[in-house]
Amino acid sequence: MEFSVKSGSPEKQRSACIVVGVYEPRRLSGIAEQLDKISEGYISNLLRRGDLEGKPGQMLLLHHVPNVLSERVLLVGCGKERELDERQYKQIIAKTINTLNETGSMEAVCFLTELHVKGRDTYWKVRQAVETTKNSLYSFDALKTRKGETRRPLRKLVFNVPTRRELPVGERAIDHGVAVSDGMHLCRDVANMPPNICNPAYLASQARQMAETYDTLTVTTIGEEQMEQLGMHTYLAVGRGSANESIMTVMEYKGAEDQSAKPIVLVGKGLTFDSGGISLKPGEAMDEMKYDMGGAAGVIGAMKSICEMNLPVNVVAVLAGCENMPSGNSYRPGDILTTMSGQTVEVLNTDAEGRLVLCDVLTYVERFDPELVIDTATLTGACVIALGKHASGLFSSHNPLAHEILNAGEQSGDRAWRMPLWDEYQDLLDSPFADMTNLGGRPAGSITAACFLSRFTKKYNWAHIDVAGSAWNSGANKGSTGRPVPILTQFVLNRAGVEQGE
Ligand code: BES
Ligand code: MN
Ligand code: ZN
């Protein structure tokens with residue numbers, strides 16, 4: 001898919017299709033009005049006859065509109081002008097892309113980026129249009145013997161911006177949008193891959209493959225033998241029941257001018273399958289626990305975006321690859337383990353495994369002398385109960401960092417909502433036998449999980465993003481969403497001080 005920006009009037013475009021908006025009720029957008037004028041009222045006549053009301057997502061495809069050079073004009077309902085918000089804008093773009101893809105137009109000039117969206121500039125509109133387009137065209141058919149092919153797929157899309165002055169901003173928005181969606185694409189591919197293929201070694205191989213493309217990136221892996229030497233006993237315990245070796249993948253990206261500048265550290269939970277272990281999960285929807293590596297998939301995706309944009313920062317990413325299975329070797333409820341930090345943990349439920357893997361990684365990353373650490377994980381079912389699928393859960397004891405991440409979520413459209421991390425909740429982790437248990441009980445389940453992690457992050461500024469609800473869709477359109485790639489990438493983009501909109 002090829003994207004470009006242009007600034008011009010609709011009647012002068014010679015394209016397979018031009019896309020223009022119509023508001024409700026039957027009101028032409030400025031661009032549609034220009035077309036109407038040169039076609040001597042052709043479009044307003046159609047509206048008057050009732051062919052298109054302008055309701056959001058309504059589509060009307062016209063051929064050979066008089067005096068218009070393009071073969072087709074696609075009129076797109078945009079709803080009431082005053083009500084056009086971000087969500088509706090993205091829905092309209094998605095619907096448009098699907099229509100274009102089915103109508104045989106292999107290229108199109110799209111004027112929807114000139115619509116007025118409350119509080120958003122050209123940079124945002126173009127970037128979101130690119131991301132929405134690439135995400136709508138995504139499908140995961142690597143393992144289908146018959147691939148779903150479109151006969152004449154959309155290949156080239158030109159977004160129009162109102163003035164020539166905005167062309168550079170538009171081009172930047174395309175670059176960033178492409179980089180973010182390429183990262184999301186990788187995230188989705190890796191996450192959708194079944195657990196018999198996507199195991200900890202697969203995560204490592206995906207990272208290594210990336211390092212071959214970008215010379216700013218180096219990848220090393222740490223297997224069970226080295227984890228033993230490092231004292232990562234809780235990480236090891238979780239993987240002990242699995243025939244697949246636990247592998248921690250470390251990706252080091254050096255983009256800053258000062259190669260020794262403190263890195264941003266990203267950590268992703270990479271449970272390539274979470275059966276629950278001895279505390280076995282119920283059978284219903286257990287297949288979806290292949291997505292328990294959604295944090296790691298998000299982190300590897302974000303690294304792809306960062307490499308693609310060549311951002312001037314240093315970033316270290318760690319994929320915590322592991323599989324939680326029941327077997328004669330499995331760790332058990334009642335076990336007391338010593339973490340890499342030296343703190344001891346009484347295991348009360350082997351299904352609360354994510355925190356046990358992550359706590360050792362959070363200790364491990366101290367050696368990078370991090371500027372800050374963000375971990376992301378499909379950590380708790382409780383987070384899904386609290387926030388559903390639309391917001392990721394954000395936890396941080398460092399207020400400025402929390403606000404920075406919330407902002408990155410707002411900017412990128414991959415939103416998070418902050419949850420408390422008060423000391424009062426810490427008591428729920430008390431154990432009679434060890435320094436803590438791995439189980440806080442049913443109330444505030446996502447908070448006690450974050451509290452557990454916080455005990456291993458005293459040496460740096462830290463935030464935790466629970467993506468249990470946002471990383472994948474269940475039901476009819478089951479699949480990875482590509483989140484949290486946008487929020488992570490946006491955070492790093494902001495930190496890198498890269499110019500974006502005006
Ligand atoms: N990976 C799960 C969390 C999860 C469950 C994410 C459902 C998305 C959907 C995690 O390892 C887990 O099993 N958590 C337990 C913790 C409990 C035993 C304290 C949970 O949430 O039930
Ligand atoms: Mn679990
Ligand atoms: Zn899990």
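Note that Cβ sites are derived from N, Cα and C of the backbone, with glycine treated the same way.
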Among Glu212, Glu346, Glu353 - the residue TrEMBL places in the same Mn(2+) 2 site as Lys269, Asp274, Asp292: Glu353
Within the domain 'Cytosol aminopeptidase' (349-356), what mean pLDDT does the predicted structure show? 98
Enumerate the residues of the same chain, Asp274, Asp351, Glu353 excluded, that satisfy the criterion Cβ within 8 A of the mean position of the Cβ atoms of the recorded Mn(2+) 1 site; list them in sequence order. Val238, Leu271, Ser275, Gly276, Gly277, Ser279, Lys281, Met289, Asp292, Asn324, Thr350, Ala352, Gly354
Have a look around Asp274 (Mn(2+) 2 binding site) and count the other CB atoms within 10 A of its CB, chains all included. 26
Out of Lys269, Asp274, Lys281, Asp292, Asp351, Arg355, which recorded positions lie by ligand 3, with a C-beta less than 6 Å from some atom of it? Asp274, Asp292
What Cα-Cα separation, expressed in whole Å, is found between Asp351 (Mn(2+) 1 binding site) and Asp274 (Mn(2+) 2 binding site)? 8
When the Cβ positions of the recorded positions Lys269, Asp274, Lys281, Asp292, Asp351, Arg355 are compared with the atoms of ligand 1, which fall under 6 Å? Asp274, Asp292, Asp351
Under a three-state reading of DSSP, tell me whether Arg355 (active site) is helix, strand or coil. helix
Env. residues of Mn(2+) 2 site, Cβ within 8 Å of mean position of Lys269, Asp274, Asp292, Glu353 Cβ: Val238, Leu271, Met289, Met293, Cys322, Asn324, Gly354, Val357, Ala377, Thr378, Leu379
